[in-house]
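Take a look at the structure set out below.
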Amino acid sequence: MKIAPRHLLIFLILTRLILFFLPLINPDWTWNRWDGPHYLYLAQHGYTNVGDEANFIVFLPTFPLLVRAGLLLAANPEIVASGLSSILFIIAAVVFYKISSAKTVFLLTIFPTSFFFSAPYTESLFLLLISLVFLFAINKRWLPAGLAAGLLTLTRPFGFLVVAALLVEWLSSEKKRVRELSAIIVPSALAIMAYLYLNKAVYSDFFAFQKILNQNWYKSFEFPWRGIISSLKREDIMTGVVEGLTSIVAWAFIPISFVKKFKIKFSYRLYYLLGVVMFTSTSFILSTPRYLLSLPPFFMILARLLENKILFAVWTVLSAAGFVYLTQLFLRGQWAF
């Protein structure tokens, strides 16, 4: 099914506007749920080692810094953060379209957890940055690609994985210079060093974030199959069965990405593989349906699988229904990944 780019852009803008103003319908609805308040606190106050806010060191600084800059223009942090996420998503979708297709972007837009692109979360910024990384890499612009990768590394924990994909793109280029490697690697290396120093400055411990993740989010290394089995055994469907099944689907897409007729670039497949391994190699798998938003190749593969018009129509209806259901859950403060 072909989707006109102009129609897609109109759809993107209209859906983000509707989502942005949804909280006006009900005074109990808000986008500032779950991790949202943590990012807003960091935007307003920065990092601390006192109280519950001391745990916020696990949230990386790029998005809070952008929100802080936005607060120079408007006083309400929730409106600034939600508006920023919405705008960044529209821009990200346009960039993502340049390396994929209108159909792929549409599938991303109606994905059940895509409401996070309107929440004060890092999803929109991450999508924009990783789309820029791949776009710059395709055009052999290694310095901008490396700089975007550096920002990506300071946006989400597994942002640094894109460096491996960048190296693959560089190795596959006909004209390559050794000095270009520094443009690819150094920004992300500096980003990692900056984050470790932030931990040291706040906690006097370069790896404080690891201890906090372990103590508060039960995050420690585990083989993927054990984490998936553990998820499937949980009594709660949303935090158990759905997490496990989504993880299984994510893994199933890895061999599918190698189907020759799908023409998925090797660098995309590598990033997707590393991403799936990373977010499922934990003792407590959580938020998998949301993490898929940070793996754009997932939607490229999905678009290839939905070539049949009937399958595409069925998926569109089911996905949109899931999107509506999870959106209202999140706005009401219930768990929605």
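Cβ coordinates come from backbone N, Cα and C, glycine included.
Just so you know, TrEMBL annotations are computer predictions that nobody has curated.
On a predicted model such as this, the values are computed, not experimentally measured, just so you know.
Feature list (source: TrEMBL):
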type	residues	note
TRANSMEM	7-25	transmembrane segment
TRANSMEM	79-97	transmembrane segment
TRANSMEM	104-137	transmembrane segment
TRANSMEM	143-168	transmembrane segment
TRANSMEM	180-198	transmembrane segment
TRANSMEM	237-258	transmembrane segment
TRANSMEM	270-292	transmembrane segment
TRANSMEM	312-331	transmembrane segment
Best-contacting stretch, by C-beta pairs under 8 Å, relative to the transmembrane segment (7-25) and drawn from 104-137, 143-168, 180-198, 237-258: 104-137
Paired segments the transmembrane segment (143-168) and the transmembrane segment (270-292) in contact, 3+ CB pairs under 8 A: yes
For the transmembrane segment (312-331): best-contacting stretch of 79-97, 104-137, 180-198, by Cβ pairs under 8 Å: 104-137
Other parts of the chain folded back onto the transmembrane segment (180-198), taken as Cβ under 8 Å at six or more residues beyond its ends: 47, 57, 60-61, 142-143, 145-147, 149-154, 159-160, 163, 166-167, 170, 206-207, 209
Folded-back contacts onto the transmembrane segment (79-97), same chain, C-beta under 8 angstroms, at least six residues removed: 5, 8-9, 12-13, 16-17, 19-20, 31-32, 36, 39-40, 43, 66-67, 70-71, 73, 104-105, 108-109, 117-121, 123-125, 127-128, 131-132, 135, 296
Positions on the same chain near the transmembrane segment (104-137), where near means CB under 8 A and six or more residues out: 3, 8, 11-12, 15-16, 19-20, 31-33, 35-36, 39-40, 60, 62-63, 66-67, 78, 81-82, 84-86, 88-89, 91-93, 95-98, 144-145, 148-149, 151-152, 155-156, 159, 162, 165-166, 169-170, 267-268, 289-290, 292-294, 296, 299-300, 302-303, 306, 315-316, 319-320, 322-323, 325-327, 330, 336-337
